[in-house]
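Everything on this sheet refers to the single structure shown next.
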10 protein chains.
Amino acid sequence: MNEKQKILETFPNPNPERDYIIIHTAPEFTSLCPKTGQPDFATIILEYIPDKLCVELKSYKFYLQSFRNDGIYFEAVTNRILNDLVETLQPRKMKLTAKFNTRGGIHSDIIAEYKKEQ
Amino acid sequence: MNEKQKILETFPNPNPERDYIIIHTAPEFTSLCPKTGQPDFATIILEYIPDKLCVELKSYKFYLQSFRNDGIYFEAVTNRILNDLVETLQPRKMKLTAKFNTRGGIHSDIIAEYKKEQ
Amino acid sequence: MNEKQKILETFPNPNPERDYIIIHTAPEFTSLCPKTGQPDFATIILEYIPDKLCVELKSYKFYLQSFRNDGIYFEAVTNRILNDLVETLQPRKMKLTAKFNTRGGIHSDIIAEYKKEQ
Amino acid sequence: MNEKQKILETFPNPNPERDYIIIHTAPEFTSLCPKTGQPDFATIILEYIPDKLCVELKSYKFYLQSFRNDGIYFEAVTNRILNDLVETLQPRKMKLTAKFNTRGGIHSDIIAEYKKEQ
Amino acid sequence: MNEKQKILETFPNPNPERDYIIIHTAPEFTSLCPKTGQPDFATIILEYIPDKLCVELKSYKFYLQSFRNDGIYFEAVTNRILNDLVETLQPRKMKLTAKFNTRGGIHSDIIAEYKKEQ
Amino acid sequence: MNEKQKILETFPNPNPERDYIIIHTAPEFTSLCPKTGQPDFATIILEYIPDKLCVELKSYKFYLQSFRNDGIYFEAVTNRILNDLVETLQPRKMKLTAKFNTRGGIHSDIIAEYKKEQ
Amino acid sequence: MNEKQKILETFPNPNPERDYIIIHTAPEFTSLCPKTGQPDFATIILEYIPDKLCVELKSYKFYLQSFRNDGIYFEAVTNRILNDLVETLQPRKMKLTAKFNTRGGIHSDIIAEYKKEQ
Amino acid sequence: MNEKQKILETFPNPNPERDYIIIHTAPEFTSLCPKTGQPDFATIILEYIPDKLCVELKSYKFYLQSFRNDGIYFEAVTNRILNDLVETLQPRKMKLTAKFNTRGGIHSDIIAEYKKEQ
Amino acid sequence: MNEKQKILETFPNPNPERDYIIIHTAPEFTSLCPKTGQPDFATIILEYIPDKLCVELKSYKFYLQSFRNDGIYFEAVTNRILNDLVETLQPRKMKLTAKFNTRGGIHSDIIAEYKKEQ
Amino acid sequence: MNEKQKILETFPNPNPERDYIIIHTAPEFTSLCPKTGQPDFATIILEYIPDKLCVELKSYKFYLQSFRNDGIYFEAVTNRILNDLVETLQPRKMKLTAKFNTRGGIHSDIIAEYKKEQ
């Protein structure tokens, strides 16, 4: 369990008998560009089907805030958040979409998915 | 039949010979956070294919209003409403989407579905 | 052929050799609530693949207007319009969506479909 | 000082040397209709030029929440909020706009203003 | 007092010491074209500064519904509603905007105002 | 009275005792470019305060349609429509806005006004 | 090859080795109603996968303009444009959507498709 | 008369007896940043009341295109276009708004006006 | 000159002979709440009429970024930015609008203005 | 490797073990029409699943800018960009959508896709 994962808290899925979807949309994500040190801004959309555990909303907010002064690339941060949450929650399915604000006249979306093997 | 289900009234499906879809969108749902006591606000979208029974609209409104001063979590309230309606209406199919207002800069959707076994 | 169906006029499908879709969207539908006598308002969306006949647009407008002072429920009026048009046009496929204005803080859509057996 | 005003906390205006505008927009206001007991929903927009005092945001949120289970009319609640805030803050100028959700197919805005005599 | 005015109910202005604005927006107005008998649809926006009386919302809804099967022109209905309300409420100021749906590819707005002489 | 003005029909202003505003918005205007013969498209917005006469809506539609195959410049057509209507209606005030579709990557609005001398 | 088809010019598909989609959206189509002589307005959306030929854009504009003073029904004009283009271009796939402006309070879409047999 | 002004063509104002407004909105302006050589993009909105002359639309398009490979700052280009047009057209009034695309997370508008002395 | 003002660079107004408006809209401002340490997010809109100096855009971006890890209240940060810019640029007129994201279900705008005495 | 491809820089995919999607949306593309020399404007949307390499964002911006003064047709430029990127990145899947601004009243989208053979 890495330092950032320790921030994440969980609670037992109240309805594990059913596949249902939880979506958390966080439009206030910010980190730094590792090359220029300039701030990047993104909306992070987390969609998942919980298995035994759900992520506690406030701790998830603190987890996202922990990237505020980290230098990290678009592709890396998207996969990093997905991996941290998959390891912590062991969900049935999870999708992470990061929509980054315009840089140099171009805006970028990164979309990564995880599916539990059965 | 629990206390809340007693609020729900039904009427016979006028066209049971056909599979058709009924969608009721209620943007004025409010309950309380069980942790902080603070009010939560959501839009509740109910979609279903009726079998023998349809839910009477006014009673459904009163049913939703009965959560006004209840402390209940996002995930729990969504599954609770779906379960209450499935038991009462015995529909062919039913989907419940709850779209919660922003809390701590994050807004959340919970989507649960039921399908009658055949 | 009921009284309302007599209002509907048809014309021969000019291109029966091809499956194509006709959509008529009527945002000015109004009828009365059978319980309260209060006016209801809806947008009626008719989509169909014609077989031998198409509905003449002006007569369809008059057909919809004929509900203006009728007391009829959401579910019933949607299935009624679909049935009247299916019997009159004998289409290959037809879908009727009725989107009703907010009542008691809830707005409702009813969606019914017909498919010709082959 | 009435019961609700006691909820409001203030802090000293950090820039009293300048006339500037503060706008707080609260889309989650809810109270009850005194006639029917049914919930009403509104967006409350407070605009003011502070003199010696500003309203503390969290206490203002609790103040608005205190109407949750009160029965009170549209016109009365709007003037009531304006009066409570004027007495507490003694602002140079203040405007209160309440935009109520659709009831019976009609939505209503109430706009009241206060200006300090000089 | 004409037949339609009898439908309107009033209540005493709770805050006559202050000039404030009340806006009621009714998007479900319908009447008939006196020439063709075809239904017309409009959004009626009533803005006023009350003096001694406010219009009761439900009675105002019934007043607007009373035009449902009347044949009346755009210009006439707008001035008629303004006149009926001015006589009944004796407001300090009143403005009536009627926004009619497209007819023959053209949509029309009619705006009339009244100001109390002093 | 020119050929186009003959198309315009009028009716007596039902409320000449009051200054009120009539707005007709016609999004389906088309004429030809006198240089290239290519069709132009515009939305024509007519706003006026009637004096003794109002323009009859259907005749106004036919008047606008009469430009369909005329070659005429943006500036000229806007002033022409205003002049024709001012002469026919003798209004207290009139404003004509023509919003032309994009040509060569640029879209153009022309706005002309008339005010009766007193 | 009919008179209208002669207006259409083509150029060789620069990338026939790949299936790719070309969409041309023309919001300025106008023709006449064959019954009333009144102008109709539509947006014409052409989507196709070219085989050996692409349609030259300017000639396609002139082709659409050639309907300006033709009397032709909604259903007929949609199928006509599709047929003319299919014969001229021999595309791998083609879809024609015509979205007509509101007439009598109803707006209409017609959607026709062609697929090359293999 | 500078090189760019030579591109501008004019035609006599067809209605000089009246003050009326002409607005040309050009969303496809592009020039280069003089510091970095990187392309800038803007929407240029020209509003004016013509006196004796109007600008010919096609020549105005070519005039704007002439900046395509020029290095010039936001503030300078806005004032330059205004000055060139004022000198060429001698308008009664003119306003130039340039809305530049986001650079470094900030987008910029520059607004300059000219009024003929009387 | 304080530490933050040192970040700001200026360049001479290229057109001081004319009053014109410069607007810079920065949607990516973030600072910290001094009470909770939680990040706040705002859009900062700067409007001014330059006198002798304009603010260099890149240095203005760095100036705004310098608040990233500062704890500062809504009202204070808005007046602080206005004061820093007024002192540095000595503009003829300046307006600063800060639109803060939703906190506790309420979003806030602060608007402050400066006008040079003459 | 052609001249334009040399502009493109790449970096190793940080998460090659997973199929994930990268989308870059560039609304500031401009080239010249080879027939008329007039500028064309488009939004270029690049979607791909990287294999071993990702495109570096700044170099991709420079690559797109290299078309600024090239004369090239809509269909050709779309396929050209796709081909250059496929050869350089060898992605698992790639889709290129070019949405061109209105020309002659018609706007055009071109959509091309590549899928690695397995």
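Quick reminder: no glycine exception, Cβ is built from N, Cα and C everywhere.
Features of the protein shown, as given by TrEMBL:
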ACT_SITE  I:Cys33  active site, thioimide intermediate
ACT_SITE  I:Asp40  active site, proton donor
BINDING   I:Val55, I:Glu56, I:Leu57  substrate binding site
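This view paints the features noted in TrEMBL onto the structure.
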| residue | record | DSSP (3 states) |
| --- | --- | --- |
| I:Cys33 | active site, thioimide intermediate | coil |
| I:Asp40 | active site, proton donor | strand |
| I:Val55 | substrate binding site | strand |
Close recorded positions near I:Cys33 (active site, thioimide intermediate), where close means Cα within 10 Å, chosen from I:Asp40, I:Val55, I:Glu56, I:Leu57: I:Asp40
Cβ neighbours within the same chain of I:Glu56 (substrate binding site) - under 8 Å, at least six residues apart: I:Leu8, I:Glu9, I:Thr10, I:Phe11
Sparsest-packed of the listed recorded positions (I:Cys33, I:Val55, I:Leu57) - C-beta count within 10 angstroms: I:Cys33
Shell list (substrate; ref centroid = CB of I:Val55, I:Glu56, I:Leu57; cutoff 8 A): I:Leu8, I:Glu9, I:Thr10, I:Phe11, I:His24, I:Cys54, I:Lys58, I:Ser59, I:Tyr60
Residues that sit under 8 angstroms from the residue listed as 'active site, proton donor' by C-beta distance, when 6+ apart in the chain: I:Thr30, I:Ser31, I:Leu32, I:Cys33, I:Phe74, I:Phe100, I:Asn101, I:Arg103
Recorded positions near chain H, Cβ-Cβ under 8 Å, from I:Asp40, I:Val55, I:Leu57: I:Leu57
